[in-house]
Every structure is written in structure tokens, then in C-alpha cells.
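These notes are about the structure you will find just below.
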Amino acid sequence: MTVIVENPVEDIELFEQKKEIHFDPDEVVSDGGFTMPDSNAFGQSFRDYENAENERHQIVEQTYRLQHSNQTYDYVKKMREEYSRLDKAEMSIWECCELLNDVVDESDPDLDEPQIMHLLQSAEAIRKDYPDEDWLHLTALIHDLGKILLLPQFGGLPQWSAVGDIFPVGCAFDESNVHYQFFKENPDFNNPKYNTKNGVYSEGCGMSNVLMSFGHDDYMYLVAKENGTTLPSAALFVIRYHSFYPLHSCGAYKHLMNEEDVENLEWLQIFNKYDLYSKSKVPVDVEKVKPYYLSLIDKYFPAKVKW
């Protein structure tokens, strides 16, 4: 089923210009000095998946059990084929942001607020520290838009197929993955084709050639890329791998990266602290910041986007 959201357009202009962003720690200036809080919205440690006293512990654990046992190489190929058609809806980026008022991420132990608040909190925190990197502000705003996969009009996928940390399929599951023990229930775990270090890949092949567990990261990457966004490659890398904690927090799977991945990883690690530590119960004044983000959307995306 295709959902058309107001003022359909027959032709979506696809932008071909690609900005290249090169990371140099000595040239990137942060004027805000973002300070990581001591605890999450529940007064507990961030990303604490073992604390049984965390009120979201059981929900989060069950989500990862299902994700790790069901996300196989064949499953990911099937889902990517289906969702790369982008035939679910046509709407603007901001219209999609508003849909996230109805989405709560059950894999997140740190927040149970609607996702639109998280997007604005992370975007505003980055905007304060990196005022000249407007592409990064917009990247923060849209990085989780793929969570619309949870809504009925976009397939109503189960939480385990839309949220949570992501990981490569088609090669051995690294022990740095959260709740690694649940991978033993995955059919690929004992498949000799997929359970070696490289699996179906080769060392240095580049992350763009590696299939990742399907979810909101990869879906939003497909949406941005196929709609011709002019965001730089670093932004697309951040969108596609922001939930790839085994890589950007633990250094796992680096043997699959190429030189461009290494450069873009620097930006992902900058982005990560804002994505993780800006979550709070303090809301952002949506109407106050909306005009700024609408201007960025107009700069980097067509007016209507296929989803």
C-alpha cells in the first residue's frame, strides 16, 4: 500500500552534487564543550544492559533475544530488497519527523520518550558545539527517521527488525555485540559459510559491501541515498552505522573497513556522544527550532521524498 501525504509531486528532483567532508581534528572546532551527563533519564548508567533493576531491562533484553535469533543473512537480503523499492509513502522529511511522535524504541534502556524529542535533543546539542557544520545538524535530526518501520503504514515491523544495535550478517558474530549469547539461537551461528571471521566477505572490502542486520539505520540510508540527498558521504555513513556500536565503540569488525570508512568513522564517533548522551526528559521547543531545520531540509533534500 502506498500512502501519499499531501501535495503529491509527479517528479522528484534527484540531486547529484556530493559534498566531500574531510576530517581533521585540528580544524574542527567545538565551542560548546558538550558535557556527558552522569546518568540517563532513569537516573542509571547509560547503555546498561545487565542491570536487572533498570525498569526497561526485560523489554530491552527480549528485543535483543528476538533480533539476534532472527536476523540472518537471508532475512536481511529479503528485507533490503523489499524496502529498497521505496513504495510505502511520499512525504517531506519534516512530515516524517512528526510521525515519530508515535514511536518509542524498546531496545533503548536510556529513554522511553517519543523519538522526535531525541532527534531534536541530539541535533540541538551538536548545533551548539559545531555551529558551522549544518550537514551534521540535519544528520542528527534525521538519523532515526527509519524507525517509522514500526508504524503500520510502513509495514508495522516488530521492534527487533527496526531498532537496536546493528551488526554484520554473513560473517562471525563478534562477542562485543550486546547480549551476544542470543546469537547461538541464530541459524547462521553454526553455518560454516557464515561463521568465520570474514565469512562471505574479504578483508578491507569496505563496509558498503557488508550486509548489516536490517533496521532503521539501513532503511534511512536507502531513503536518503535513493532520493538524491546532497548530504556528504560522512553523513550517509553516520546514518547507516550510528547503531553499529561494536565498531564505533569497541573497534570490532575493523578488518572489513576501507580507507574511506576509516575517515568517516571519525565523524561517527563525534556524532555518537550526542546521540547517546543528549537523551533527557527536558523537551526542546519544537516551534522555535523548526524554521532552522526546515531550511536545512530544503537545502539537502527534495520537497517530497519517497519512503
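Cβ atoms are placed via backbone N, Cα and C, with glycine included.
Per TrEMBL, substrate binding site is recorded for Arg47, Asp105, Glu106, Ser107, Lys147, Gly164, Asp165, His242, Ser243.
Annotation source TrEMBL lists Fe cation binding site at His118, His143, Asp144, His216, His242, Asp275.
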Other CB atoms, at most 10 A from the CB of Lys147 (substrate binding site): 27
Spatial neighbours of His242 (Fe cation binding site) among the binding-site residues Glu106, Lys147, Asp165 [C-alpha, 10 Å]: Asp165
